[in-house]
Amino acid sequence: MSADIIDGKAFAATIRGKVADHVKALHDEHGLVPGLAVVLVGEDPASQVYVRNKGKQTEEAGMASFEHRLPAETSEEDLLALIARLNAAPAVHGILVQLPLPDHIDEAKVINAIDVAKDVDGFHISNVGLLATGQKALVPCTPLGCLMLLRDRLGALSGLDAVVVGRSNIVGKPMAHLLLRDSCTVTVAHSRTRDLAQVCRRADILVAAVGRPEMIPGDWIKPGATVIDVGINRIPAPERGEGKTRLVGDVHFESAAQVAGAITPVPGGVGPMTIACLLANTVTACCRAHGLVEPEGLTA
Ligand code: GUN
């Protein structure tokens, strides 16, 4: 193996430390406590784990955590009424509605009902537009985390060839905009891209966010490239015993690590950065709401 392993777990802990320092300063100097409200509708097991972790890490950083767990049958009207209350609550600086929502609820309608200034997921249509036009936005947490890892590893990204595999609204598209803003030459590839291998081979920066286990092998990677693997896929692992599973990314780690200059592992790469960036976005939203200086190194 030749690649350096990018330790997202350690980097996320550093970000959370910076967040906690800033939270303390906001409290000591301005009597402010940033608050994050998380809304979970229904009982999706993965979502429940995420929400629990978000609440725990929010409190560990010294912020206020407000959790709203609603039954799966909650009407769209009731959910919109809750969002209106959270929009109006001065103690709430960030609002996150955990996705996916049950089928009877219009996801876009709910997300666009969140106050743009409290949209710490960066999914509101106005934040999407602000990011796309290079204006000050709240930026989706996972791509923000990827950008932080890339800047930490590479310094300035200007002029580098970046290939983003995946075109989702949550990762692929905002990632492309962030890389463009840092003056990369950006290609967005996806499941219909012709000769995906050849497209990937020109990447100095390869971001994989397709949700297909180990789809990208080492021979698609340019020697020395920086590889950011956003995928978190659970696959059967019979070698660990009957019924056992393991987590893998969208990149075939063992072969990619022979070629890349640096690579994020799964787990322990991009994953821990997402909640760290959610906390960072909440502090940013709190500072903006009160006209205060934003935390350095915690925004895009
Ligand atoms: N579900 C999976 N990832 C996310 C995320 O980043 N934000 C929200 N709100 N829901 C999710």
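Even glycines carry a Cβ here, placed using N, Cα and C.
Here TrEMBL flags Gly166, Arg167, Ser168, Ile232 as NADP(+) binding site. Summarising the annotation, TrEMBL assigns domain 'Tetrahydrofolate dehydrogenase/cyclohydrolase catalytic' to 6-121. Taken from TrEMBL, the feature domain 'Tetrahydrofolate dehydrogenase/cyclohydrolase NAD(P)-binding' applies to 140-288.
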> DSSP helix, strand and coil counts for the domain 'Tetrahydrofolate dehydrogenase/cyclohydrolase catalytic' (6-121)?
Replying inline: 60 helix, 19 strand, 37 coil
>> Quick check on the binding-site residues: of Gly166, Arg167, whose CB has the lowest count of neighbouring CB atoms inside 10 Å?
In response: Arg167
> Where does Arg167 (NADP(+) binding site) sit in DSSP terms: helix, strand, or coil?
Replying inline: coil
>> As a quick check of your reading of DSSP, tell me how many residues in the domain 'Tetrahydrofolate dehydrogenase/cyclohydrolase NAD(P)-binding' (140-288) are helical, how many are strand and how many are coil.
In response: 58 helix, 30 strand, 61 coil
>> Restricting to the chain of Ile232 (NADP(+) binding site) and a gap of 6 or more, list residues whose Cβ falls under 8 Å of its Cβ, or answer none.
In response: Leu247, Gly249, Val266, Pro267, Gly271
> Are there any residues in the same chain, six or more apart in sequence, whose C-beta is under 8 angstroms from the C-beta of Ser168 (NADP(+) binding site), and if so which?
Replying inline: Ala209
